[in-house]
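According to TrEMBL, the features are:
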REGION    1-390  region 'Disordered'
COMPBIAS  37-51  compositional bias 'Pro residues'
COMPBIAS  81-96  compositional bias 'Low complexity'
COMPBIAS  97-113  compositional bias 'Pro residues'
COMPBIAS  114-126  compositional bias 'Low complexity'
COMPBIAS  127-139  compositional bias 'Gly residues'
COMPBIAS  162-174  compositional bias 'Low complexity'
COMPBIAS  254-277  compositional bias 'Polar residues'
COMPBIAS  293-303  compositional bias 'Polar residues'
COMPBIAS  349-360  compositional bias 'Polar residues'
DOMAIN    476-514  domain 'Zinc finger Sec23/Sec24-type'
DOMAIN    551-788  domain 'Sec23/Sec24 trunk'
DOMAIN    888-991  domain 'Sec23/Sec24 helical'
DOMAIN    1012-1083  domain 'Gelsolin-like'
Amino acid sequence: MGREGEWNTTPPPPGGAVPLQSSAGFPGAPAQNSFAPRPPGFTPGVPPSGWGPPGRNLPPQGGPGNPPLGQFGQPVPPGLAPGAPAGTAQQARPPFAGGPPSGPPPGARPAAPPFAAANASIATPGQGRGGPPFAGGFGPPSQPGMVPGSTLRGPSPGVPGGPSIQGPPGVGTVPVPPVASTLGRPNFSQVSSTRPLEPGMQPPMAQPPQRSQGPPFAAPPGQGPPYGSFPGGGPPSLSRAAIQPGAPFPPSSTPFGQSPQHPTAQMRNLSLQNQGIAGSAPPTTFGPPMQGGLQTSAPTSWQGPPRRVYPDFGPSTGAPPPQPGQAYTQGPSHLPPNVGHVPGLADKYSSSIPGMSQPGSPAASALQPPPHPSRPASNIDPNQIPRPQPTASHVIFETRVNGQANHPPSATCAFIVRDTGNCSPRLMRCTLNQIPCSGDLLNTSGMPLAVMVQPFALPHPSEEPIQVVDFGESGPVRCSRCKGYINPFMRFIDQGRRFTCNLCGFTNETPRDYHCNLGPDGRRRDADERPELSRGTVEFVASPEYLVRPPMPAVFFFLIDVSMNAVQTGAVAAACSAINRALSDLPEGPNTMVGIATFDSTIHYYSLNKNLQQPSMLVVPDIQDPYTPSQTDLIVPLSEGKDHLEQLLESIPSMFQNNRSPESGFGAAIKGAYLAMKSTGGKLMVFQSVLPSVGLGSLTPRESEGRVSGEKEALKLLQPADKLLKTMAIEFAEFQVCVDLFLTAQMYVDIASLSVVPRTTGGQVYFYQPFYAGADSAKLYNDLRWNVTRPQGFEAVMRVRCSQGLQVQEYYGNFCKRIPTDVDLPAIDSDKTIMVTFKHDDKFQDGSECCFQCALLYTTVTGQRRIRVITLSLPCTSVLSNVFRGADLDAQFTYFLKNSGQEIPNVPLSQLRDQMTTQCVNILYTYRKFCATASSAGQLILPEALKLLPLYTLALTKSIGLRADTRVDAHFDDRSYWCTRVASLASSLSIPLVYPRMFAIHTLPPNDSEGELPPVVPLSSENLDPDGVFLLETGEDAFLYVGKQAPVELLEQVLGVHSVDEVVPGQFMLQEYENPASKRLNAIVNEIRRQRCSYLRLRLLRRGDPLEFLFFSYLVEDKSSSGLSYVEFLVYVHKQIQKRMD
């Protein structure tokens, strides 16, 4: 694989310029869902439309109020029972695929009265043949996003036609037992491999491309984008930062609700004050709080960036009592907030601050009942401190206005981008929207300089598609010195005969066939007609010089763990069902190839040769030095091997149902699969259930050792056990093999070691622990389906360039890096983000512009080589207040999050929490010292752009990755998975990961629109009504919390139970009943899934349950053993700033 600037590709197709293509490979579909599948994202002439996968003229797939996910929202046929043949009516609609042989999980209740069976005869995708459900009655779901009726199908007992087991030439073929056979494994006495069994070895025992595809839970067209926005009641412009106090406040005996007797600090005036910009309207300032109202004054002039002024902590005596009825209000994030005195902040606090501990929080015990909101909680009204605010509607964002870069909206809000020169902030977002002219100024600010690059980020359906330009065999115009690509900021001179590179400043000759005269404004006359000269994002067709080998096909190889634990927990059946149903979503065409293998203590390959009457198994017992059988069709075109593969997937669960081998040779299995894929590259999808215990790369259960050791020894459990898997992963990446890992585990599997393979090869880890087939089968299928259908590319190479004066410091993400300037990505998709940090090596001139350009060379699913060029140009400034004004909280918090995930395996958690807190304090101190206007020393002043930095810092220190609470402390696998996930997490999902959204279900108006989310409830136990039901979501998991006095009527409507005592905690399947409350709850869950592009795992909890601490651990504004309350943390931050000011 050559460097990014040295790739070559096949000659461009005849016809010259390529017409308009889909943005990010994700155009959507016509209203009728009737067009044929297209190459992901690059179908000429298709305008953007609704979100969703390619249409296939499918019949409706859902009942009223329960639109399916991922098929443009078409409903599931009413009356169709999971796994039943057409014409069979059903009474309940289990929403999850699969279920244990013993029946539905605890908490599952029968659904509403049966639907009319008028449409029961309609066949749905994957339903054919009417076979029984897999694993003793696991019916596929009719929940949104799930295609009902798709079950494992296999030949009936005694019917020939099942797969067979084949040894080396001359050995013969052994028939594979049919699905219903009592023989769980083939007769291995008749099976041999291409190598003889070695002494002591046991006989063998019997996992995309860029498509016109939407998220797996896409709503009907026109319902909005599936990115992590907060429409309706979600948080507004948020930002990211992370930190926690180094030393908690000492305890005090002051009872709740009373002021401490010996205060040393006082929050005297929490005046929410917007400090305006020079030349703008003067801000409103406030004097000491007054009972009769607010005292205001307007200065004649104003300097400095917007700011927030919060509590006055200075010593004082006396204070006005809380004034009920006054509220803190704020408009959209781009407007100044309404300012006013915040009541209840004039009371004194001692260093112990007991009165600030919020009663009802699980600080002492999660089992203590939370107080009613009317009960006095503390001397500070938590409702008046800064929190994320919802945005009312979509924002139209133009990337440049009047030739100047426009500050982007929050990554968590809904916005529509108009590319007017700079790229969309979804594709590239910088931590600072005004670049410091020097490194000294950047260091003084305390803020990082980095960009978050998400090359295939999902666009809004209303946005223009990314246009494709074909320069023919000459290739795109580039700077001859730095190899930067032509972009709107390259300046043409000498009547267009030469151009100056905006990255390195070198003057280049314009190619003769690209020459055009300049207009009166100095721009080329054809600039607006050429996408590369008027758009911040453009796609070039790669010329032959970018090709070192023919473009690779789209290969999908599935590798399934069939050890005893995997079989008994239903993981094998769930994996086979998910793969079988996802086959119809793979890219169509001759370029798509598939293969499959299984493994336990041996490796079982399967030949899918179309000339064979049935599939055949080839067994490799050597797991120390694995190999692949020669002269076999292990990987075949999908069109040729689909029938054999479906037949095999139906048979595998029964073939291994009596497997008694607990061993798993994971390392040998992935090495063997890699050898089979070495000549083509592709995606290797591994379904693993237990800790690898034998063969190449075997691991030991290290978790128990860490629990009895010290902190330093515990850190080792967050690091890979050895370097063998890392070495293998680098080899995989070199030959363009990407590994995705689906962990359907019940116990410790050492994610710290296993995750090295996906992270190095550009893959992803999916973690289901504990795996429960009844509920997790649905998520497994939807995760797999989204994995193969989301916009993506193969064998990619990425390089980020920047203007002279900066240099790239480091890359962070899931990739392999063999040379300093480029990162190799065997696969790259819409969910992956790569962070790039920079440092100064020279100074910029004040008023000049600094440019960042990302060039991604990749292969589309259809086998075309493309170059996606993303350009962002930002102004430079020598004024520190301008730097703060341009701070992007979302990007900065993403930086803090990824940086902490990188450091967790190497730095003690307590030290890392202190570092995060110190970084927050440093930023706020710098602003207070150098940018804020004169004010009382007792006031906490926050810059407007970073007003939520303390809140998100506190939330980060209480997250799974950093928290110290021993009671809710994550297992090592949970912490390792958290680190793995944040490594490639997008900016839009970073804040929800640590600061989730919580909704009150019991207060939903019955006539609310089903497509909107309700208002967000602050994450404090003081907001938990004892008679309420609350839904909390983190972007991947969701909790439905039932209060002790929840109304019986609501429980009957949404859960089908008659009292709180009947609520069974644990994972559950959300049913939809024929009543407005149930339909509204299902619509909310489906909308969240659509926004997050993730099928949430639902957990049901009730008040008093021992596991309710899982829910309370996300209430980050409460004081707990994980850290201070939000109010206490504000006091702590202000004290640290005061110390430095003194």
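Using N, Cα and C of the backbone, Cβ positions are placed for all residues, glycine too.
Note that the coordinates shown come from a computational prediction; the quantities given were computed from them, not determined experimentally.
DSSP states for the domain 'Zinc finger Sec23/Sec24-type' (476-514), grouped as helix (H, G, I), strand (E, B) and coil, give 6 helix, 11 strand, 22 coil. Contact between the domain 'Gelsolin-like' (1012-1083) and the domain 'Sec23/Sec24 trunk' (551-788) holds: at least three of their C-beta pairs are under 8 Å, each pair 6 or more apart in sequence. In the domain 'Sec23/Sec24 helical' (888-991), the DSSP tally of helix, strand and coil residues is 66 helix, 5 strand, 33 coil. Across the domain 'Gelsolin-like' (1012-1083), DSSP helix (H, G, I), strand (E, B) and coil residues number 21 helix, 14 strand, 37 coil. Across the domain 'Sec23/Sec24 trunk' (551-788), the prediction's mean pLDDT works out to 93.
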